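A.B. asks: Checked TrEMBL, it gives:
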DOMAIN    31-172  domain 'RNase H type-1'
BINDING   40, 164  Mg(2+) 2 binding site
BINDING   40, 78, 100  Mg(2+) 1 binding site
């Protein structure tokens with residue numbers, strides 16, 4: 001059984017918390033512009049208490065998510081950030097997802113198809129680490145048209161810097177109660 005997760009949603013929007021493109025009136029309507037997502041996750045120490053954060057933007061609308069787990073790894077938090085962001089979208093959307101995790105970007109774009117063909121085993125016939133989260137990410141991605149981008153962490157990218165701050169807040173929720 002996995003440890004309990006704590007998370008919260010912070011909404012900064014002009015339309016009472018609705019992220020345009022998340023609650024579109026027509027389910028079949030195409031987005032005129034993508035939802036832009038920045039994600040980050042981390043642990044201190046690794047493994048240890050971890051947090052994840054995500055920034056979702058659609059036009060002028062902004063939604064921020066964060067959460068944490070008491071005993072985890074930075075890779076699990078990086079995956080969780082992407083999963084939570086994609087699962088937060090209520091309708092199929094075009095998404096530009098930015099992460100500073102090569103593990104996440106390469107896993108989803110290069111390795112996952114082989115893992116699935118091999119029954120969630122690596123080329124070396126070992127179980128895929130974090131397979132529970134990779135399966136969840138695979139399911140979340142199916143609903144959307146996602147383009148994956150790697151950004152260098154702690155290099156001044158505003159979306160990445162904010163996602164990092166949110167991940168730190170997420171880790172802080174573990175001691176706030």
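For all residues, glycine too, the Cβ spot is worked out from N, Cα and C.
The model shown is predicted, which means the values in this text are computed figures rather than measured ones.
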A.B. asks: So, in DSSP terms, is residue 100 (Mg(2+) 1 binding site) helix, strand, or coil?
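C.D. replies: Once the DSSP labels are grouped into three classes, residue 100 (Mg(2+) 1 binding site) ends up as coil.
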A.B. asks: 40, 78, 100, 164: which of these binding-site residues has the highest Cβ count within 10 Å of its own Cβ?
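C.D. replies: Of the binding-site residues 40, 78, 100, 164, the highest Cβ count within 10 Å belongs to 40.
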A.B. asks: Where residue 100 (Mg(2+) 1 binding site) and residue 164 (Mg(2+) 2 binding site) are concerned, what is their Cα separation in Å, rounded?
C.D. replies: 10
A.B. asks: What is the set of residues, excluding 40, 78, 100, whose C-beta falls within 8 angstroms of the centroid of the C-beta atoms at the Mg(2+) 1 site?
C.D. replies: 39, 41, 42, 77, 81, 99, 101, 104, 153, 160, 163, 164, 167
A.B. asks: What does the structure give for the C-alpha distance between residue 78 (Mg(2+) 1 binding site) and residue 164 (Mg(2+) 2 binding site)? Integer Å is fine.
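C.D. replies: A Cα-Cα distance of 10 Å.
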